[in-house]
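Visitor: Provided herewith is a single structure, encoded as structure tokens, for subsequent inquiry.
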Amino acid sequence: MSGKLTVITGPMYSGKTTELLSFVEIYKLGKKKVAVFKPKIDSRYHSTMIVSHSGNGVEAHVIERPEEMRKYIEEDTRGVFIDEVQFFNPSLFEVVKDLLDRGIDVFCAGLDLTHKQNPFETTALLLSLADTVIKKKAVCHRCGEYNATLTLKVAGGEEEIDVGGQEKYIAVCRDCYNTLKKRV
């Protein structure tokens, strides 16, 4: 039986990692073997753990290239969990397809859009393959409504790949994005 791909996406501060961690917990409670991964580039909260903004976390294999996952996935692995997929190169798509064909469920969390509203290529590829998409929203940093679907960069230059937290990025709704973008 083929595995299923679930992609959790949305802006920063929308609870993507928290949702991913809840699926890890469900698999562990079900006594299913899991493998958890994060990109080496993301060491904001911890170097070897996936940690949510709320502080919850789980140990993870830290890798640079998606192909490195294969050495950590054992014959009896039932679930693979990957955080911050936007930071991986597009070869993650082929690795995930292989895992699904092997009957392993895969859960991915990551940003869908850059702060310039351009799609992250790796996330877009995974969304095209997904059996289930969970599109998260956040509370808009400016108006306070629970309608934020975009991430706005407020400090640190224009680079689209620039790891950071609240010191660089805020979640905003489209109206507030357009208003604030004129000022930034």
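From the backbone N, Cα and C atoms, a Cβ is placed for every residue, glycine too.
Keep in mind the model is a prediction, meaning the values are calculated, not measured.
Swiss-Prot feature annotations, pasted as is:
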- GLU84: active site, proton acceptor (ACT_SITE)
- GLY10, PRO11, MET12, TYR13, SER14, GLY15, LYS16, THR17, HIS53, ASP83, GLU84, VAL85, GLN86: ATP binding site (BINDING)
- HIS115, ILE161, ASP162, VAL163, GLY164, TYR169: substrate binding site (BINDING)
- CYS140, CYS143, CYS173, CYS176: Zn(2+) binding site (BINDING)
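Help me picture these features in the structure, burial and contacts included.
Guide: In the three-state DSSP classification, GLU84 (active site, proton acceptor) falls within coil.
The number of other CB atoms found within 10 A of the CB of MET12 (ATP binding site), across every protein chain shown, is 23.
Neighbours of HIS115 (substrate binding site), defined as other CB atoms within 10 A of its CB across all chains, total 25.
Around CYS140 (Zn(2+) binding site), the same-chain residues six or more apart in sequence whose CB sits under 8 Å from its CB are TYR146, ASN147, ALA148, ALA171, VAL172, CYS173, CYS176, listed in sequence order.
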Visitor: Which one is closest to MET12 (ATP binding site) in space, judged by CA to CA distance, out of the recorded positions GLU84, HIS115, CYS143, TYR169?
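Guide: For MET12 (ATP binding site), the spatially nearest of the recorded positions is TYR169.
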Visitor: So which other residues, same chain and not among CYS140, CYS143, CYS173, CYS176, have a Cβ within 8 Å of the centroid of the Cβ atoms at the Zn(2+) site?
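Guide: Along the chain, the qualifying residues are HIS141, ARG142, GLY144, GLU145, ASN147, ALA148, VAL172, ARG174, ASP175, TYR177.
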Visitor: Given the recorded positions GLY10, LYS16, GLU84, which one's Cα is the least distant from that of CYS143 (Zn(2+) binding site)?
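Guide: Of the recorded positions GLY10, LYS16, GLU84, GLY10 has its Cα closest to that of CYS143 (Zn(2+) binding site).
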Visitor: Need this for a regression test: recorded positions GLU84, HIS115, TYR169, filtered to those with Cα within 10 Å of LYS16 (ATP binding site). What's left?
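Guide: Cα within 10 Å of LYS16 (ATP binding site): GLU84.
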Visitor: According to DSSP, which of helix, strand or coil covers LYS16 (ATP binding site)?
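Guide: It is helical.
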